[in-house]
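Residues or ranges marked as ATP binding site in TrEMBL: A:Thr65, A:Pro66, A:Ala67, A:Gly68, A:Glu69, A:Gly70, A:Lys71, A:Thr72.
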There are 2 protein chains.
Amino acid sequence: MSDIEIAQKANMKPIIGLVKERFGIDAEHLDPFGHYKAKLSLEYVNSLADKKDGKLILVTAISPTPAGEGKTTTTVGLGDALNRIGKKAIMCLREPSLGPCFGVKGGAAGGGYAQVVPMEDINLHFTGDFHAIGVAHNLLAALIDNHITQGNALGIDPRRIQWKRVVDMNDRALRKIIIGLGGIGNGYSREDGYDIVVASEVMAILCLATSRADLKERLGRIVIGYKADGKTPIYASDLKAHGAMAALLKDAIKPNLVQTLENNIAIIHGGPFANIAHGCNTVTATKTALKLADYVVTEAGFGADLGAEKFIDIKCRMSGLKPSAVVLVATVRALKFHGGIAKEDLNQENLPALEKGFENLQRHYQNITQHYGLPCVVCVNHFTFDTEAELDLLQSKCKSLGANCVVSKHWAEGGAGAENLANEIVNIVDSRESGCTYVYDENLSSWDKIATIATKLYGASGIVASAKIKDQLLTWDENYGKFPVCIAKTQMSFSTNPNLKGAPSGHTVEINEVRLSNGAGFIVAVAGDMMTMPGLPKSPAAERIDIDDDGKITGLF
Amino acid sequence: MSDIEIAQKANMKPIIGLVKERFGIDAEHLDPFGHYKAKLSLEYVNSLADKKDGKLILVTAISPTPAGEGKTTTTVGLGDALNRIGKKAIMCLREPSLGPCFGVKGGAAGGGYAQVVPMEDINLHFTGDFHAIGVAHNLLAALIDNHITQGNALGIDPRRIQWKRVVDMNDRALRKIIIGLGGIGNGYSREDGYDIVVASEVMAILCLATSRADLKERLGRIVIGYKADGKTPIYASDLKAHGAMAALLKDAIKPNLVQTLENNIAIIHGGPFANIAHGCNTVTATKTALKLADYVVTEAGFGADLGAEKFIDIKCRMSGLKPSAVVLVATVRALKFHGGIAKEDLNQENLPALEKGFENLQRHYQNITQHYGLPCVVCVNHFTFDTEAELDLLQSKCKSLGANCVVSKHWAEGGAGAENLANEIVNIVDSRESGCTYVYDENLSSWDKIATIATKLYGASGIVASAKIKDQLLTWDENYGKFPVCIAKTQMSFSTNPNLKGAPSGHTVEINEVRLSNGAGFIVAVAGDMMTMPGLPKSPAAERIDIDDDGKITGLF
């Protein structure tokens, strides 16, 4: 059965009753969206402030293959398993982006028997958060061009506008455009472009905001561009945009509650890009879950070099969240891929390739345990093609590393398939204090922060950049000295070259662009070509998506 | 108090309970969106098929001033009044567009004590219908450019693509753009542009569709452009886009239920532009309301020459709806405006101007009674500046015309202020069979249909167009002979010149563009410059919209 067929057979319980039963939350604190989705009021969230926090478990992965290694699936499976063994656990996931549903990747609500439901709703419009973010972003864009057309009292330099427009669609034709054509009535022409909604700074802001007031303040801080001197920033607050933007986000800021196939509660809230942003769900959602449950399982985007790094050095550092353990998801397939095997041969047993590719896992594991001081369990997300010999080899390699390794079958068996993993995690987190170290000190210069990540985590010999970029970073350091850095590079490799598999060393990381996300509160360092607007493939999934007369959807996967 | 202040003081009842109490509908048939908005399932809608229909009352207006004459306010006031005098009545309204909220016009949920609530939700994202329409529209756009980039097997002529992109924002800089710049990876460059979401053909289609199957079939019929021969149409179904588009509209197709300040049920569903589309709420909503209530009050966009004409000749004709009576909304202010008085002097008594401007009302009244054979009540939407002498003059002018004229104070007094109007309407609709005539026969050529509307309703001497446009219409007539026509012209005048107030005669209507809305099922004839993407004013309302730490919104009006 396909994911959507499994999801449509789910025995869902009405969410309001389920939340009441599990967490004693009354209906008045929940805004229902249909019968199986609900938003939790911020007033209720705030009322939990004095409660003790549960334990936070991060699910991350080795450097992924294009298909992904199953972080969401593992997060759901582990959460279901924790509930099965009698623990009170909540999963915190990212909201899927609509655009990719119509392209290659499909949905992002888990897979097999480890899914969140209603799958179609979660993958399509869900509770409207991304639409609200898109409109808030585009309102600011419209206000910028309108301000220029109406006389440009602020002196915005049209050549230095950095605030693009966004749409939740894979639409390559919008990457680079010229707007304002057609004469006087349509304003001034200039170059512009579209990003996908998940790349919006508004998304990153919503995910890091800790209250309505903080959200509005961050929105006001957004730097949309500069005056003609190239130095004086123009803020969204200069355009008086932040109040209306925050009003548009009045519901988007509330965490969304849904359930897994096994009727356990998952909070799905926010979903910033993992390249030019920090790639994890909202601080509000994670903090809320920690007040409600004893164990909270959450995921971060891409591999651990990007996702876990940003989760810890950006999200946890900014918000005070203290992780207790890390699950490092690997697949036998991906390890063989890192061992040099072509995509089409990954389903065949190949022990030498697996052994060679293990170096990728090893570096991620060592990064997590050594640089963050966090206990780490390797979770092998089991595929039906995996052979006993391969699994044995992987176990023994992990053992030699001192790593716990658990083969987990949640995709095929749901929570029951992840009980070993759950027991392992409980043992670990119950026997240590929460908390971790960071990979760099917040008082370092931005340059040194980037260099520290590159050398310590990526195995690079150093970083390089043009004088202009170095100057830009120095200028920002004067004004925004304590901002963490957010590195945007390929997720396929520790290096900036997606073809360098395994655990490359001695490479150089070239920073070819830097961006200031002043509202979110970080500096983005781009290493390589970052695609913030995907395209559709030759045969888009959209062609196969359909709905019948009774409203049943097919072709979403 | 401002509209939003009145709305925020409303004593709202939970919508699920209210719908159950009034119409006996069980919670299982309703998808709640928060506690005060709900969607009704199509299965329940279909279960009503055999019930008797209530009476349908259309609220339309004289040629409006820029501020509008209060059709929505009157629709709500009349509906509340009908309920007050013991009748079972439902109001059917259009969903407001988000974009204009941030510009000049503000929201569109009624005004004063005749409003629908929750006002902020209805004006901002409501239940997400417009976002879904926007994404469905933009998915088709992305599939078009992707198809060309991937080899253009269908032979789409990039110069003849008619399917633009949409956004629910007043953003003039997007009216005319060039997309696909930046090199090979971003596809082929071409001219494009953005319309506001209400101008999307997907909006018109959703509003005219009678089932999920009909919706998908209409979406597939959309003509996105032509092959290089300039004649062979490319349909959305050629791109296999219609299934995914219909899937994106899976919830948008369900009618939305909310309440008035007086706790009566209103259905707010769909909101196509009244110029290049037909300007009224969904057929599904109107038909559902007629099954649930004995009296259904609905509105159509702009003045009666546009809104009522399209309501009857397009919506009623296509769907078989049979109106029973028309309410023609007028204001003393607007009549003085038609009598030649400048905007800033409208609050001063001016009987000669009122008498002169009355000719505008007179022609609308005669059009309704003579060409559609419908009884018509003139409703004077009372303003505090109106003098007794003005109201007396207006009454006596109506009397000489044989028209019932009721001064209605629903804005200030809610339903109580519109009881006279309600009683008048009940007397009329209870004493006649439902139904009307159409202004043109469906077998006429498109040219003759347009000419009939222009001469009969607008008082024009005739219509003119280029040979190219005439040829285009003839070509379409061969393929789509029975399509009604949808004239896009200024709402400010019976003519195509917004400055020709009153009731101009003998003018010529120049058709300078024609468009085929093959999915919606009508031919658009554009007379004048139609703005399908508004701009923001020098001081946009967005600058004054705000939200406080408790989530309370201010500055929406």
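Backbone N, Cα and C atoms are what each Cβ position is placed from, and that goes for glycine too.
For the binding-site residues A:Pro66, A:Gly68, A:Gly70, counting C-beta atoms within 10 A of each C-beta gives the highest total at A:Gly70. Look at A:Lys71 (ATP binding site): DSSP puts it in a helix. Annotated ATP site A:Thr65, A:Pro66, A:Ala67, A:Gly68, A:Glu69, A:Gly70, A:Lys71, A:Thr72; additional same-chain residues within 8 Å of its Cβ mean position, judged by their own Cβ, are A:Ala61, A:Pro64, A:Thr331, A:Ala334. The binding-site residues considered are A:Thr65, A:Thr72; of these, A:Thr65 has the fewest other C-beta atoms within 10 angstroms of its C-beta. Annotation for A:Glu69 (ATP binding site): same-chain Cβ neighbours under 8 Å, separated by at least 6 residues, are A:Ala61, A:Ile62, A:Val329, A:Ala330, A:Thr331, A:Ala334, A:Asn381. Its Cβ placed at the centre, A:Ala67 (ATP binding site) has 15 other Cβ atoms within 10 Å.
A C-beta separation below 8 Å, combined with a sequence spacing of at least six in one chain, links A:Lys71 (ATP binding site) to A:Val59, A:Thr60, A:Ala61, A:Glu299, A:Ala300, A:Gly307, A:Val329.
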